[in-house]
Every structure is written in structure tokens, then in C-alpha cells.
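Some notes on the structure that comes next.
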């Protein structure tokens, strides 16, 4: 809302016909005066800020009046509202509202969000203990009387996108099962921007997977016959939006760093899956999840040529330095498969959380 005050004076003179045959006379005089008040401006000094899971971040937002040097006019109380934008642009998630001494946070932001308040015109939001779900676009709205303005800031997380399919095989997850599958592996379902960045970083995967907006897509850096043809242009292929309950695909998950230690357990013998679970517990840890092996590989450069069990029953190993017999052509988390849990023997990757 931009308040403009118009003063309009309309004078109408109506001349009635007279006996001297004077003609009908009709005249309007309009005077318009515009008063330029102190227009409210909201500005984000950075369009995007970066952080990682577990960290703290400040989303910048300041407000000014265009025709005054002060933060507020003093006539009305300032109301600051932060919301998170969703893929459905008609919906927003409430994050934080402040007006004077009254402040309120919402949902899983409760206890984690505060106004920075370094000056009278500072509406910046501090988010502590960053979660994977915090990724996305945030809107800062400042309201004073009949005036308001907004600014948008993107919160980006350092992390890694990885494709995931369950033990049942490819294309077995509806959207809701895909969300849960990512959560089970210490991750969240990836957003399109995260998949796009991963593609730019070299991610190439021919199986289509769910994204957080309900679309189904897949990244191709090396065009080939089974993946759209050899002559197609590299890019992120989009299948469009599908029924979240009935349609079934794989999923692209996103995870960030972790507060703990990921490691290959040195053990005198190879283990079945159940033995692997117990071995990690005996070592004061948990059997590692798929998201944790990807985070250790991508963010910490973890490199190990030993195949090991993970929590979902898969067997994988991370290679950061390609070499003969250990992923000679590329750095990757190598996937062995979902072996028979009771009879196949492998090592195990464990994860020990820090208190």
C-alpha cells in the first residue's frame, strides 16, 4: 500500500437558459494536489546467504523512509513479519512476527528465531541451529500504518544431493514415501534449485525422481540413448507434476554436514547386516545412514575402498580419489546393492553423534 493524499476541488457552474437566448453553459474546474509522504522502503542487503546445518545465520532486512532520515515516522508502531515462501506461491509459512514488545515465532522455528535489532531500522532475522528444512526463500515484510513493503532473501545450505531408491528397486516411491525415505537417511527431499546446482556440479542420473515441489525430474550431463538420446542437450529433464499418491518414482534427497563422526569400523571379520548393527552399537555408535556417507564423501573428502553396510540394508563405499580397483574413472559413492542381510558378509560404516 502506498498512501497518496489527493485533495480534489470540483466546482460546477450551471447556467440556466435565459430569455435573452443565451446558450447552456457547463464548466468543470478540477484542482489536484499530491502530498508526498515518507514512503516506506524495505531492503535486503544480500539476496542470498549461505550456511550449513547446525549453524546460525542472519537474514538481512532493513527499512527506511524515502523522504526522511529516520527509521519510522513515530506515528504508528512498526510491525515486522517474516514468512517462508513455498513452491506454491499462493501459500506462505509463518516464521516470526514482532510489534513493539510483542513477539511470536511459529512451528519448528519456535525458540530458534529472533530479530537482530542492531538499530531502529533493523528487521534482520537471526535463525539458530539451522535445520535441513530451513532451506528456501524468506520474505521480510514491514508494516507501518497504511504503508508496507517487502524484501526476499534466499537461505542456501552447503550440502549434497543424492539419488535414492529403496530395496524394492527403482520407481517404487510415491511422493509421501519419498519424503519419508529421505528423512530415514538423514536428509530431506531436494528442491529444484538444489538439483540444478548438483547438475551444474556434474551430477548425472538417468532415473527420474521426486523433488520437493511435487515435480519429477532427473539430471543429465552425458546425453546417451537410454536417457533422452545421444543428441539431446545436457540439462535437468522435467517429467512435470504427477499424482503424489498414485505415481511412483525414485527421489532426490539433500543432506548437509553433521554433528558427529562418520567412520569405517575396523573389525576382525566381515559381518552380516544384523552383526554390523550390533558392532556399531558395541562401539558406542549407530550404523550410518546413506545421507551420512554422502555428506562425509562430498563435504569432508572421506575416501575408503571398503564396501560396508548402511542402515537401509544397502552396501556402499565412498571414493574421493579415483584409482585402480576403486572407482578408476570418477569420484563417487559406489553402490554395491542390497545384498542378502542374513548371508552376505561386509564391513560396516558407523556414525557417532557428538553431544
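Cβ coordinates are placed from backbone N, Cα and C, and glycine is handled just like the others.
For residue 206 (disulfide bond), the Cβ neighbour count at a 10 Å cut-off comes to 15, with all displayed protein chains included. Under the heading disulfide bond, TrEMBL lists 206-227 (among others).
Residues or ranges marked as disulfide bond in TrEMBL: 305-326 (among others).
According to TrEMBL, the feature domain 'Ig-like' maps to 38-154.
Positions annotated as domain 'Link' by TrEMBL: 160-255 (among others).
The annotation domain 'Link' is assigned in TrEMBL to 260-352 (among others).
Taken from TrEMBL, the feature signal peptide covers 1-15.
Taking only the Cα positions, the spacing between residue 326 (disulfide bond) and residue 206 (disulfide bond) is 22 angstrom. Note: the CA-CA distance between residue 305 (disulfide bond) and residue 227 (disulfide bond) rounds to 29 Å. Taking the Cβ of residue 305 (disulfide bond) as centre and 10 Å as the limit, one finds 14 other Cβ atoms among all the protein chains shown.
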